[in-house]
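Since the structure comes first, as structure tokens, the remarks are kept for the end.
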Amino acid sequence: MTAFAGIAYLLIAFSPALAIFHKVIASDPLRIILFVLGAFFWLLSLLFSALIWYAAVPLRNTLVFAVCVSIALQELARLLHFILLKKAQKGLSKMAANGMHISGVHTLHHARHMLAVVCGLGMGVMAALFLIINVIADFWGEGTVGLPATVPEVADRFDVKLFAKDEKFPLTYSLSACILTLCHMCWTILFWDGCHKKRYTNTWWTSIAFVVASHYVVSALSFWNRSGITMQTIVLCAQLGILLMNAIYSCCVVGITWTMARQMPLAAAKHLYTVITCKEGCHRNVRSTDSNSDARRISSMNEEPHTVNT
């Protein structure tokens, strides 16, 4: 039963990411490569965070220090990723200008916000995976009937790290991982847009500062995840509010207006209605076509043969 629950928690955490991956990334090999590259850059930031944590012996038990260093290195990795893609764009554009046809260069050059979505989703999926994997691993496995691991006399016999008070903890962390994935996508859009506008405006740094500040706030809120179900609910609502602010800011950067946002659900409903009615109409047309062809065959059998004068 715990295995099914673990799968359910993973689906809660990664269902939006899977939907975006299927809709936006899966059909384009270049976007798949960029998605993996985004995950790789996040892993690099984790590696250097671990090295700094290992080197700073007096601060190893200070969680705040580890979180601050990790977030700073994640944003540095986001910046290095932007610089790498910028250089790749210039090189590929020169090759294309010389008459060499390279598949995907046009998309790479003209869709910078789409690049941010793809790479940010890769970073977010990897961050959410490392956020939730330990909780799911502790929750996974066979259930144990009997005394809980909080009893001192038997605690050494159990490897369970989630106790009775933590019954909502996997669900809380799954929702938090889902929010973190989407936040990374929005953060990459805003961060890269600020880097792109450095030459054109004096306020380019505002979006970058907003990204860094919101990243620190989201991570700081997670410190209260084990303070009871009431505090967990407050933390999730606060993280969701930060996600909505980042999403609205990202929509403004990309160019999605309120009118367009209102028309999206209506357009989706019209598309679904068109698909359903088309299927029903096609079935009716097929049946009517079959009946008409049968009638024509019967009438042709009853009619006398005739010739055409030319």
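Each residue, glycine too, has its Cβ placed from N, Cα and C.
Quick look at what TrEMBL lists:
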TRANSMEM  6-25  transmembrane segment
TRANSMEM  32-56  transmembrane segment
TRANSMEM  62-85  transmembrane segment
TRANSMEM  115-137  transmembrane segment
TRANSMEM  171-192  transmembrane segment
TRANSMEM  204-224  transmembrane segment
TRANSMEM  230-256  transmembrane segment
REGION    287-310  region 'Disordered'
COMPBIAS  293-310  compositional bias 'Basic and acidic residues'
Could you give the residue numbers and ranges of same-chain residues that sit at least 6 residues beyond the transmembrane segment (204-224) on either side and whose C-beta is under 8 angstroms from one of its C-beta atoms? 63, 67-68, 71, 74-75, 176, 179-180, 183, 187, 190-191, 193-195, 197-198, 231-232, 234-235, 238-239, 242, 245-246, 249, 253
Do the transmembrane segment (115-137) and the transmembrane segment (32-56) share at least 3 Cβ pairs closer than 8 Å, excluding pairs fewer than 6 residues apart in sequence? yes
Counting Cβ pairs under 8 Å to the transmembrane segment (32-56), which of 62-85, 171-192, 230-256 comes out on top? 62-85
With Cβ-Cβ distances below 8 Å as the criterion, list the same-chain residues six or more beyond the ends of the transmembrane segment (230-256) that contact it, or say none. 113, 168-169, 172, 175-176, 179-180, 182-183, 186-187, 189-190, 193, 207, 210-211, 214, 217-218, 221-222, 224
